[in-house]
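Step one of this worksheet: look at the structure below.
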Amino acid sequence: MNGPALQPSSPSSAPSASPAAAPRGWSEFCELHAVAAARELARQYWLFAREHPQHAPLRAELVSLQFTDLFQRYFCREVRDGRAPGRDYRDTGRGPPAKAEASPEPGPGPAAPGLPKARSSEELAPPRPPGPCSFQHFRRSLRHIFRRRSAGELPAAHTAAAPGTPGEAAETPARPGLAKKFLPWSLAREPPPEALKEAVLRYSLADEASMDSGARWQRGRLALRRAPGPDGPDRVLELFDPPKSSRPKLQAACSSIQEVRWCTRLEMPDNLYTFVLKVKDRTDIIFEVGDEQQLNSWMAELSECTGRGLESTEAEMHIPSALEPSTSSSPRGSTDSLNQGASPGGLLDPACQKTDHFLSCYPWFHGPISRVKAAQLVQLQGPDAHGVFLVRQSETRRGEYVLTFNFQGIAKHLRLSLTERGQCRVQHLHFPSVVDMLHHFQRSPIPLECGAACDVRLSSYVVVVSQPPGSCNTVLFPFSLPHWDSESLPHWGSELGLPHLSSSGCPRGLSPEGLPGRSSPPEQIFHLVPSPEELANSLQHLEHEPVNRARDSDYEMDSSSRSHLRAIDNQYTPL
C-alpha cells in the first residue's frame, strides 16, 4: 500500500518485504493490503482521538468513507507518478513492443540522474540526429514552446542539477529558449488548487422563483479545493455549471459557510439524499446526491471544513425530548390514538414559551399534538379535504412548528421556524409572521417536487375545540372554514392582519385562560354533534342577536351571515 504496488519488485527485495507468502492473485493482493491498512487506520484513529480530545470524534463509518475517497485519489496519483516513463501500468508484465526490438540500441550516454527534471519522456531520450523537416517535428516544437510549467517545478529543475557539476547547474538557467523570449507567461503560473473532493450533483437554488414554481433541479459539479490564502491555505467550495465549465458559477470560502445540514423529510419529502448549504450573503443551495454513502461523505467533508461536527446535528434530530407529550410513560405508537388529547398544561421549553404567544390566539394552532393526530385531523375526508391545514408544535425539534396540510387525501408536513420577533421561515422563504405565510400559501401553491400536477393551496383549517366536562359520548368533529380571510372572521379579523400578536392582544373569549385547550382541562379534539331540534332552536335564537356578538359556544358560524352553524354546512363533517 505504501509503495508503487504495480511495479515488479526486484528479486533481492522480495524476501525482505514481508515474511508471509506472496499473494497468488490480485484479489488476494488487495485483501492482504486492505487488512493491513485497516489495522493501521484503526490504531491511528484511537491514537488521534486520545491525543486530540478537543476535536469531536467522528463515527468510524464516516472516517472510513472519507478515508476511502482520499485513498482512491492519492493511490491513483502515486501509481501514475511512480510508474516507468512512457509505459502504461496496464502493460506491466508484458514484453516490450515490437518497434522497440527493431530500433537500434542507443550508445552509451550520460546517466539518467544527470538529466534535469522534465514532464515527458521526449526530453529524457538521447538526442536524435536532425532529420528533414516534417509536420510531426513542427508539432513537437510547438508543443514544447506552448507547454506551461507550474511555478513549483522551475526551482525543482534547478535543484536537481545542483548536485552535479557546476557547469550543469549554471547551464540550465542560461538557456531561456524561445518560450522565455516570446511567451514569458507560459513558463510559470499559479499552481491550481488541490481538489479535496469533487462530484457531479443536482442542485437547486432556494429563491423566490423556486418557491413559487417549485424546485428547479440543475446539474453541476461541486468541488472542494484547498487554495492558498493570505493567512495560510484555505478551503474553497466551487460550483461549476455546466459541469465541464472551467470557471465556477458560485465560489465561497468554507469560513463563510454558516450552516450545512441534512434536509429533513418535511422539507424534501420526495428527495431522500439532500443537504442544504447556507453561505453568508448568498442564496441557499440544496444539493442532491445519489445514495446515503455520498451524502454522509459530503457531510463529513463540509462539516470538517466549517469546524462543526456531525454529532451535534444528529443528536438534535434523533434524541427524544423528555417533555414531549405522551412519550414519558409509554412509547408513541401505543398512545397515539384519537381518544387521547395533548396536555398543554405542562412546562414547556423556554424556546416554546418565547414564541407560543404569537400563535396561541389563533384557532388553527393546535399546540403540542402528535404528528399522527394532526395527520388524522386533516385527512378525515380524504381527497375532498384538499388544502385543509393546521399548525402544531414540532415533535422532534422543540421551539419549532409544523404546518400539516391535506394533499389529495395524504397528510403532508412542512416545518416552520419562528424568531423571537415572530418572523416566520418556511424552507428557505422568510415572512414577517405566520399569518403572512398562510396568506401567501393561500394565493400561491405550496411547492412540491412533482411540480404543476401537485398544485395545493391552503383552503381551510381545522379549528381547535374542547370537550365539555362530564361529556362521554363524543364524535370526532374538525371545524374548517373554507374562506378564512379577515372579512370572513369577525372575531379574528383584526388579529389575522397583525404581524405580531402577544397574549395580551388576544380577542375577548380567546385569552390564554379562555382559549379552547388552554384551560385547566386537557385539550380535546372532539365535539358533540347536537340534535336537529337543538340546531333549529339555535338558528331561531341567532336571528334576533347582533352579528358581531362574541362566540358563546364552540360552534363556528358561517362567514357570510353568521346565521348557519358550521356543524351543518361544513362539507368536511364526517358522516
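Cβ coordinates come from backbone N, Cα and C, glycine included.
Small disclaimer: the values here were computed from a predicted structure and weren't measured.
According to Swiss-Prot, of the residues S103, S444, S511, S103 is the one noted as phosphoserine.
Of the candidates S150, S213, S494, Swiss-Prot records phosphoserine for S150; the remaining residues carry no such annotation there, which does not rule it out for them. Feature region 'Disordered', per Swiss-Prot, maps to range 546-575 of the set 396-425, 546-575. Of the listed residues (S9, S120, S321, S486), Swiss-Prot tags S120 with phosphoserine; the rest carry no such note in the record, though that does not show they lack it.
In Swiss-Prot, the region 'Disordered' annotation falls on 1-23 of the listed ranges 1-23, 231-253. DSSP labels the residues of the domain 'SH2' (364-462) in these numbers: 26 helix, 31 strand, 42 coil. Model confidence over the domain 'PH' (194-307) stands at 82, taken as the mean pLDDT rounded to a whole number.
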